[in-house]
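Visitor: This is the structure I have questions about; it appears just below.
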Amino acid sequence: MSDLQAKNDVVAVDRQSSSSLADLDGPSPLRKMISVASIAAGIQFGWALQLSLLTPYVQLLGVPHKWSSFIWLCGPVSGLLVQPSVGYFSDRCTSRFGRRRPFIATGALLVAVAVVLIGYAADFGHSMGDKIDKPVKMRAVVIFALGFWILDVANNTLQGPCRAFLGDLAAGDAKKTRTANAFFSFFMAVGNVLGYAAGSYTNLYKIFPFTMTKACDIYCANLKSCFFLSITLLLVVTIIALWYVEDKQWSPKADSDNEKTPFFGEIFGAFKVMKRPMWMLLIVTALNWIAWFPFLLYDTDWMGREVYGGDSKGDDKMKKLYNQGIHVGALGLMLNSIVLGIVSLGIEGISKKIGGAKRLWGAVNIILAVCLAMTVLVTKKAEEHRRIAGPMALPTDGIRAGALTLFALLGIPLAITFSIPFALASIISSSSGAGQGLSLGVLNMAIVIPQMIVSFGVGPIDALFGGGNLPRFVVGAIAAAISSVVAFTVLP
């Protein structure tokens, strides 16, 4: 998120790295770690495009607004299944190319395939019989959904082995490990900013004029162009890293039993011995993600639909309004990423001043709740302005600034959400008798399961209240407020 998958790879990282530290004679030079970490920029570029542009694209293809969240189920499902599985098998990979490089290369190639399917879904669908004037382009939707799921699986195939490769290169050196992961986070921020900047540029398709076709309008052509840049960046940094950095072939030791316990078997076993502090952490984390997930999926759609008053299924003027809002929303996400990066650098100092991690988490959840609730005010102001100035009127500078301010402010609680829960899980694990990897694995379930619940639940809620994004944001605000209270009162 950006991002959503950065959290889902924690489980695989701990497990993969721990079994490979002895395979290298010593830590590798920092320049090699930076080369591997740079792959994160390519990965996150694609994730930024997913979060900012793909939900509106789904609706342009004709998927009803209330059902589009089901397509996003791939994120939590693949985070729950793919990353741990990839970690499990990469630990045991005996390829002459090394443990991690085969999975990283496979993930990059799958991303390329997925990008072609997603970007050309409308064209493929049209060539297979979809009518341009029909609101639902079923063949294009099927092709898009296939490409979308492949993209999520591919990104998950990349994330875990990349972080595990950094652990291998650090070879047990704690300082090098922290430095390598810091660079990985840095390149994630770089990818986010690049992705959101590309998504906010409305004339990108002019660089690739062939992207605009009879079945693919300007918005669709811009999406294609963004993904072409994304896959180019990813392939370049991946090829450089895999060529430059050696990944030694692994052979199991003769005296090793090479245990076959499934990864999830170990995670579920941790529930039997889990103590109260960990349960409280899981509750706060789950509530936190119930709050976050609707906004992370529908933030740019909210900007295009509620703030700008556009409609992805309306006439050309309404579509133009909607597209303008989407691109301003992408700018908001770029501001969000910048704030997130800045705040992340100061979390430790802020935590000390405010009185500890749980107080900091509780405080920023209040910010999250207020910001989500304020989307209602911004929406009502935009609707009032359109009633006075006309339905095609653009939002005033004040309304637009208010919406962008919410995007930026939400970078503060997002930075805490990406760090504090995992730090608390590590602290709790040291006194509970559970290993850090198991604790983080259980915490990961408290992230992806709420995402699935939200994916199934927000559609009916929206339909019950007449459609739009505000009902899900209000539910998120309530969940954030409850999460704040629980964090202040029951966290250790």
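Along the chain as shown, residues are numbered 1 onward.
Note: Cβ is positioned from N, Cα and C throughout, glycine not excepted.
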Visitor: Do GLY26 and LYS358 come out on the same side of the membrane in Swiss-Prot's annotation?
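Guide: Membrane side for GLY26 and LYS358, as annotated in Swiss-Prot: identical.
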Visitor: Counting by DSSP secondary structure, give me helix, strand and coil numbers for the topological domain 'Extracellular' (203-224).
Guide: 13 helix, 0 strand, 9 coil
Visitor: Short question: which residues 6 or more past the ends of the topological domain 'Extracellular' (123-139) have a Cβ under 8 Å from it?
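Guide: Answer is 61-63, 117, 213-216, 313.
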Visitor: Applying the under-8 angstroms CB criterion, which one of 34-54, 102-122, 182-202, 325-345, 470-490 scores highest with the transmembrane segment (225-245)?
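Guide: The stretch I would name here is 34-54.
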Visitor: Look at every Cβ pair spanning the transmembrane segment (34-54) and the transmembrane segment (182-202), keep those 6 or more apart in sequence, and say whether at least 3 of them are under 8 Å.
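Guide: They do touch: at least three Cβ pairs between the two stretches lie under 8 Å.
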Visitor: Take the topological domain 'Extracellular' (299-324) and find every residue of the same chain, 6 or more past its ends, with a Cβ under 8 Å from one of its Cβ atoms.
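Guide: Apart from its flanks, the topological domain 'Extracellular' (299-324) reaches 51-53, 55-56, 59-60, 62, 65, 135, 199, 202, 217-219, 330, 332-333, 375, 378-379, 382-383, 386, 391-395, 399-400, 403, 407, 468-470, 473.
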Visitor: Taking 182-202, 278-298, 325-345, 360-380 as candidates, which has the most Cβ pairs under 8 Å with the transmembrane segment (404-424)?
Guide: 325-345
Visitor: Tally Cβ pairs under 8 Å between the transmembrane segment (278-298) and each listed stretch (182-202, 325-345, 360-380, 470-490), then give the stretch with the top tally.
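Guide: Looking only at 182-202, 325-345, 360-380, 470-490, the most contacts with the transmembrane segment (278-298) come from 470-490.
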Visitor: Should anything in the same chain at least six residues away from the topological domain 'Extracellular' (203-224) have a Cβ under 8 Å from its Cβ atoms, list it; otherwise answer none.
Guide: 49, 53-54, 56-57, 60, 118-120, 122-123, 125-126, 130, 132, 140, 319, 323, 326
